[in-house]
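Contents: one structure, followed by commentary.
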Amino acid sequence: MRSSPLHILFLLLLLAYLLTAALAGPPEDDDEYLTKNYYSRSCPRFEETVGCKIDYWHSLDSSLSPSLIHLLFFDCAVRGCDASILLNNTGGERRSPAASSLRGFRVIDDIKAELEKTCPETVSCADILVAAAREATLKAGGPYWDNVYGRKDGRVSLAKEAEAVPTGRESITELIDFFDSLGLDILDLVVLSGAHTIGKATCGAIQHRLYNYGGVAGESDPSIDPRYLNYLKRKCRRASTEVDFDPTTPTEFDNEYYRNLKQHMGLLGTDQLLASDSRTEPIVEALASQEGVFKHQFAKSMKNLAETLALEGNDEGEVRINCNFVNEKKK
């Protein structure tokens, strides 16, 4: 199908906007508490320590890098970026079925234990998770961005609230509304979905597309490329089996994810919908043709995500001594 002149013009204008946004310098830190140099005196080797630990864990298991990006998204998607997902309490987010595939907790615990040796009771778990996600992105071949710090750790974590995190079955309208509730826009939605250029999902997340589409036994989602569908059916006989988000370059942080969507090879239903909805399709089209723009905008959108509903000030949260538990009240 040929694109109309109007559609081509729209894409050119969109690309110009994305290029301008990508090449612009980072926004000034105008928040009272969140600043780039928050730990410059109290824990000057904070980022260096996080980087070294991510290097170590990535060398043991490179699949932990996309898992840490996912862990940050999940945390920020519930109550903002307050490390509530790290709390290991009965009835907490971490115990929710929606969080069953999350990984990377041991990495965060290891970083926190090291920082408690050098900077006790100083660095929040929320800031550690934000820093770890950036370092994990770098190890995976993604872009760098400057983080701001000063978040406090939340004291509340509820499993029922984790059920609101997208699972891959939502409509685009539902996704747009969810991202809007976090202070993120449609561009952030499409760009952050590009994190699926690396990492895996469990087959349980897509079996309804393969064997029971629309609630009809034996039916498959007609939007899936036939050859890709055959591959997924062979691969995903068991719900616990893992499958790559990106079937073509699964270990490379590139824009192949968007190219796959154009070929009807999106793993989750929400992935594929991005390429067919009129509100998101032009962005997919632009990012599929401009890897550099994708990487620059990914850095910006990750920074936007990490500043979502952050707790600031001691009256709003705390600096946990152990990321798994809230601090004991001082007598």
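Cβ atoms here come from the backbone N, Cα and C positions, even for glycine.
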Exercise. Looking at TrEMBL, which of Cys81, Cys119, Cys125 bridges to Cys43 via a disulfide?
Worked result: Cys119
For this session: Across all the protein chains here, work out how many other Cβ atoms are within 10 Å of the Cβ of Thr249 (Ca(2+) 2 binding site).
Result: 16
For this session: Could you state the whole-number distance in Å separating the C-alpha atoms of Cys323 (disulfide bond) and Cys236 (disulfide bond)?
Result: 35
Exercise. In whole Å, how far is Cys119 (disulfide bond) from Asp254 (Ca(2+) 2 binding site) when you measure between their Cα atoms?
Worked result: 36
Problem set entry | Ca(2+) 1 site shell beyond Asp75, Val78, Gly80, Asp82, Ser84, criterion: Cβ within 8 Å of Cβ centroid | Cys76, Ala77, Arg79, Cys81, Ala83, Ile85, Glu93, Ala126, Gly154, Ser157, Leu309
